[in-house]
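Pulled from TrEMBL, these are the features on record:
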type	residues	note
BINDING	B:Arg97, B:Gly135, B:Thr136, B:Arg137	phosphate binding site
DOMAIN	B:21-151	domain 'Exoribonuclease phosphorolytic'
DOMAIN	B:172-237	domain 'Exoribonuclease phosphorolytic'
REGION	B:1-20	region 'Disordered'
6 protein chains.
Amino acid sequence: MTSPATPPATVTRADGRTPDQLRPVTITRGWLDEAEGSVLVEFGRTRVLCAASFTAGVPRWRKGSGEGWVTAEYAMLPRATSTRSDRESVKGRIGGRTHEISRLIGRSLRAVIDVAALGENTIVLDCDVLQADGGTRTAAITGAYVALADAVAWGQRHGHIASRGKPVLTDSVAAVSVGIIDGTPMVDLPYVEDVRAETDMNVVVTGSGTFVEVQGTAEHAPFDRAELDVLLDLALAGTAQLTAIQQTALAQELR
Amino acid sequence: MTSPATPPATVTRADGRTPDQLRPVTITRGWLDEAEGSVLVEFGRTRVLCAASFTAGVPRWRKGSGEGWVTAEYAMLPRATSTRSDRESVKGRIGGRTHEISRLIGRSLRAVIDVAALGENTIVLDCDVLQADGGTRTAAITGAYVALADAVAWGQRHGHIASRGKPVLTDSVAAVSVGIIDGTPMVDLPYVEDVRAETDMNVVVTGSGTFVEVQGTAEHAPFDRAELDVLLDLALAGTAQLTAIQQTALAQELR
Amino acid sequence: MTSPATPPATVTRADGRTPDQLRPVTITRGWLDEAEGSVLVEFGRTRVLCAASFTAGVPRWRKGSGEGWVTAEYAMLPRATSTRSDRESVKGRIGGRTHEISRLIGRSLRAVIDVAALGENTIVLDCDVLQADGGTRTAAITGAYVALADAVAWGQRHGHIASRGKPVLTDSVAAVSVGIIDGTPMVDLPYVEDVRAETDMNVVVTGSGTFVEVQGTAEHAPFDRAELDVLLDLALAGTAQLTAIQQTALAQELR
Amino acid sequence: MTSPATPPATVTRADGRTPDQLRPVTITRGWLDEAEGSVLVEFGRTRVLCAASFTAGVPRWRKGSGEGWVTAEYAMLPRATSTRSDRESVKGRIGGRTHEISRLIGRSLRAVIDVAALGENTIVLDCDVLQADGGTRTAAITGAYVALADAVAWGQRHGHIASRGKPVLTDSVAAVSVGIIDGTPMVDLPYVEDVRAETDMNVVVTGSGTFVEVQGTAEHAPFDRAELDVLLDLALAGTAQLTAIQQTALAQELR
Amino acid sequence: MTSPATPPATVTRADGRTPDQLRPVTITRGWLDEAEGSVLVEFGRTRVLCAASFTAGVPRWRKGSGEGWVTAEYAMLPRATSTRSDRESVKGRIGGRTHEISRLIGRSLRAVIDVAALGENTIVLDCDVLQADGGTRTAAITGAYVALADAVAWGQRHGHIASRGKPVLTDSVAAVSVGIIDGTPMVDLPYVEDVRAETDMNVVVTGSGTFVEVQGTAEHAPFDRAELDVLLDLALAGTAQLTAIQQTALAQELR
Amino acid sequence: MTSPATPPATVTRADGRTPDQLRPVTITRGWLDEAEGSVLVEFGRTRVLCAASFTAGVPRWRKGSGEGWVTAEYAMLPRATSTRSDRESVKGRIGGRTHEISRLIGRSLRAVIDVAALGENTIVLDCDVLQADGGTRTAAITGAYVALADAVAWGQRHGHIASRGKPVLTDSVAAVSVGIIDGTPMVDLPYVEDVRAETDMNVVVTGSGTFVEVQGTAEHAPFDRAELDVLLDLALAGTAQLTAIQQTALAQELR
């Protein structure tokens, strides 16, 4: 492939975006009445409900460590997709993809949590995809961070987290997908682009611009170093915008 | 117990309602972009997403019968409730309560479907509780009927259902909970009333006012014939209102 | 439908019974040598073995409450029915119907137990259908009550239940099925009637004639208030007879 | 150990039997109304219900072979034993012991079936232990043979099995347990003897006196060749008596 | 059958062996770097990896008894056989055969362990079949004993097992298969002989020549007493050779 | 962190290697007698058995496509690690990590297979870890490629794959882990380094040096672009060496 170093400005995508443009992103805090943190996050038509459940105490294997625990579970409603999928609860087991994404979300959030500052408390993030149009895992990470921040604030307000001066959240975290379609690198792929991508990468980045996860897969053709570089540039630019959207959302008064 | 024959108008409930008053009910059609029918139904703070998936063809055991099939699956998101529950997919099996409600919804809808007029097509209703505050099964039935009506219309518009003059839906169906709290019969119980009810009944009624299901349970004290009669009256009045709300929702143009 | 208010005396059923007549009912106590209570109950050809297992102590979540616990499990042998069914243990999961009936039996028995008088003891009722010819759940409830009574007596004889003057069993409980076949309301349906019933109802009633459960289902056609009333009358008459049979059985010396 | 070659006639067992004496054995045919063959078999207090289900046709992997298939499933009711066991259906899986015994019963019956003479028909034997007091697998095999014989006769009467002159059952089969308790070899061990046995053996023998299975286990102490010989003698004598009881049962008119 | 009392010396088997000759047997100790005992055992092309895991402490139900516990798990890699089998982990359950063999290995090893001398320690034997060519369970028992002996020695060297003069291992144990093929009794059957055997027997014998398990099955034709005797002679001769091979292996310095 | 751009030559690792040096790698082809391709691959003490099973035909969903299918399953023996893990077959389900690695291996191999040239044939790669000391997934991919190549050759030799001039394997594929330990980037991490790595990356690379997968995870601290670049350099150098080792192995005559 010849120099893909800059996404060509002249390419227009099916939904009218330029290659380096995100879909409309909205973050609605406090979507649930009871959860300690909850966010409905939308990347275009992709809609994920992120609920953070705060409980005092930690699992047995962590008791007495003085450290907290953050974990995540990802799932998709059966009709989130264009054709219905069977429920994993009915099949009696969780598929590999579900496991993989749950673990990814958990690792991403733990990268910005100071478990010692959290103290012996547990926060579980449930990310349920209500509608899927590509990028569900990156939307989930981006929304889950905001729900997590609200749950941490809840724990502080209610005295479960001691205020020792050290911040519980050491940074923020957001994620975006990037890929190469017909030779053009693009950011934030909806389903129609995702299935056609030669290469597909999910990148998780902190608010300060360092990498937490880089997961690139050659779906149809291996990629070279130059292509990898362009994709990483696009991802860093995209996550920087998502960081700003997260900060704006968190700056508002929670109803 | 002395004559409970009329709900006393003087009792005011925690949320300000009279004993025979429903919570605010809203039905939002077309909540999903891809499903053939979809409804977000709200009974107060209870919020259920009902998705109807239409597929041409029937399960193998029904092939060649000329008849269609309608079935339902009910589930609850882990943080729909005030404390988090484990996912049934993670536990690897579906609980008895989930099974029971899924079967109830399916039977209720099949009571108003003419499977011969539907032809060899299948409609699956997924009712996922996003937030639970009592009455999730009755909200699910009430919303699922509207999603079902939209899916039937979709099947007719796309030529999967032949128009032979016979209606596919022979009636509408709605459901409400009733119960006796501190000796007072009441309709549409939120969680705080539900846990205190001496007797709890879910009643499924057609648009023309006949019973599809009557499921009454003495939670704390057996009930007599007079109490049963009052509860049935309350249920018939409540479902009549729900029928009207369904008709209003269906009369609007689907975006 | 025109006035179904009285079951017509002129209708004769396939097995020769009148519409309001029970099948021959037998209750054999002490069918097992080791169980604290055990009953083989027969409603015509339907045969259910009810075993009550008494254990001192309660599940962890109930410890220290001073209250006992009664629960039930229902199952069917694979060849209880006219064609063989697969075992739920082989399929690796319990079906919805099994769950539903187990829960129904448990609730019915708990309606007549004073858990405080029982003290911190647990009684598990296993109701295994050896032969099924309709009405297995109602036979199970009717027989399980007798096995429960024997297990309570065993607990008292062996000093596990303190005698504080308060009775452990506050009432007795029995159940019967009723339904409308070809427009005629009938009691205690065998399989051939059950599959043809337009409406099918299981009613659980205490010895003093109050309702514990009313579960009516329109299998083929919704039913109106008048029909419901006739069915309830039939059920009350039928359960009154079952109560008498239970009392006779319990009055005999247990070998 | 010194010569155990002859069971000493002077030893009396807890239940009054001599070492080489079987418990009272009864075989009740036609215990179920619908099964093609059914037997309630009792070895003392051990009670097993054996149901034979005949179906025309064979599993897919055997189609077109011209040969039939016989298989068995063994299970125990939760309160068959002196303390209650959890149901395998509730635990969601079948234990090793259950699997092992099911396979043993199946192999034992297949040893006396001519699958070619059976033709492409399937017979499933369900052996459910209603009460367990030792020897449940040997009682199951002994009773299952009789139920199998009745199912074969049913298949012949109903024209599913062609009569080509060749017998479908080439022999009969019965089984008994033997063991050494306190140095004394004994036959047909009830539970109290079984748990104390140094060596425990289950022996499956045809009507003509040849071995189908020999399964000996040193529970507490390895056994030598001389002890093995005595146990085999006892088993052959015991199964010969069981064969006679089977023949007597099968000679009667089935109601 | 006429006198099978002596295996005819003139019969030559497909692999060139005489009827009473074992396949080449090798025992490689210390095959794993971390396990407390580990053996790669080969009976011809059959290859089983036996790993013994020693842990201080016992399961809860055995705590305070002063006695240890030895158990075993057997499994087969999917491509151990000539055609691939599905993984039991993927199927989500363990088959009957696997359960049966795991239990057999555990019982065989416990027959030569003095659990009181072992003290409250647990040893788990994992026997994984890397390649299967008949006799996998007998190879597993023979190899597992050597791995167990190494694990016991490890426990003594590391002070987990007190040295009270009493040996932990009271004897050694080995196992071999025997069978009758075309009327000829033979020892140590590879797959091609195993599938053709009329009778198949697995015999587990201590180093001092007493029986731990005798499991004989008539695969195609019941066997008589004379045949049984010849098979037992062959098995005792074969296990005596295996005992010698075990002793030679254990006499070497473990690297 | 200051410029990590070149791994410092002066750092010596616990096992004596330089930061950019692989562990001793051996590839033993034909380790199994029956599998169409089989390899025992060793990266230091990590030992993985890779078996390729070739079957003519494809799963139903791919029939008639003219294309073949390659898939993989990864698993670990219970005592592959320094302390024993429970079997996934016993737990009744496969963990997230196992699923994730199985999918990674499958994708990596499919990146170098021309499924059209393979024709309607299926190759399953079973990668079973016999001993684990870090890098099991990268060793599995590296070994599985060689087993796959042998299975493809087998399919060609036996006429299952038509020779149309187009190669079935379009390239080779190998994988290696890289990570940053105490600020030093290193290649091919054993367990002791892996647990201490701040950042851990698995990189899958074709023989021609393009990327198939890049999976980087910040275990303890997010990493910046410069660090990422050094790690990618190390990975490309490491996989180039592995490619050479694969070629040498494949150049030898298979016994």
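Placement of Cβ uses the backbone N, Cα and C atoms for every residue, glycine included.
Long-range Cβ proximity for B:Arg137 (phosphate binding site), meaning a same-chain Cβ under 8 A and a gap of 6 or more residues, is found for B:Tyr74, B:Ile101, B:Leu104, B:Ile105, B:Ala175, B:Asn202. Secondary structure of the domain 'Exoribonuclease phosphorolytic' (B:172-237) per DSSP (helix as H, G, I; strand as E, B; remaining residues coil): 17 helix, 30 strand, 19 coil.
Excluding B:Arg97, B:Gly135, B:Thr136, B:Arg137 themselves, the residues of that chain whose CB lies within 8 A of the CB mean position for the phosphate site are, in sequence, B:Tyr74, B:Ile101, B:Val129, B:Ala132, B:Gly134, B:Thr138, B:Ala139, B:Ala140, B:Asn202.
All protein chains considered, the CB of B:Gly135 (phosphate binding site) has 26 other CB atoms within 10 Å. The binding-site residues listed here are B:Arg97, B:Thr136; among them, B:Thr136 has the most other Cβ atoms within 10 Å of its own Cβ.
DSSP assigns B:Gly135 (phosphate binding site) to coil in the three-state reduction, outside any helix or strand. Among the record's phosphate binders, B:Arg97, B:Gly135, B:Thr136, B:Arg137, no two C-alpha atoms are more than 13 Å apart, and one pair sits at exactly that spread.
Across the domain 'Exoribonuclease phosphorolytic' (B:21-151), DSSP helix (H, G, I), strand (E, B) and coil residues number 42 helix, 43 strand, 46 coil.
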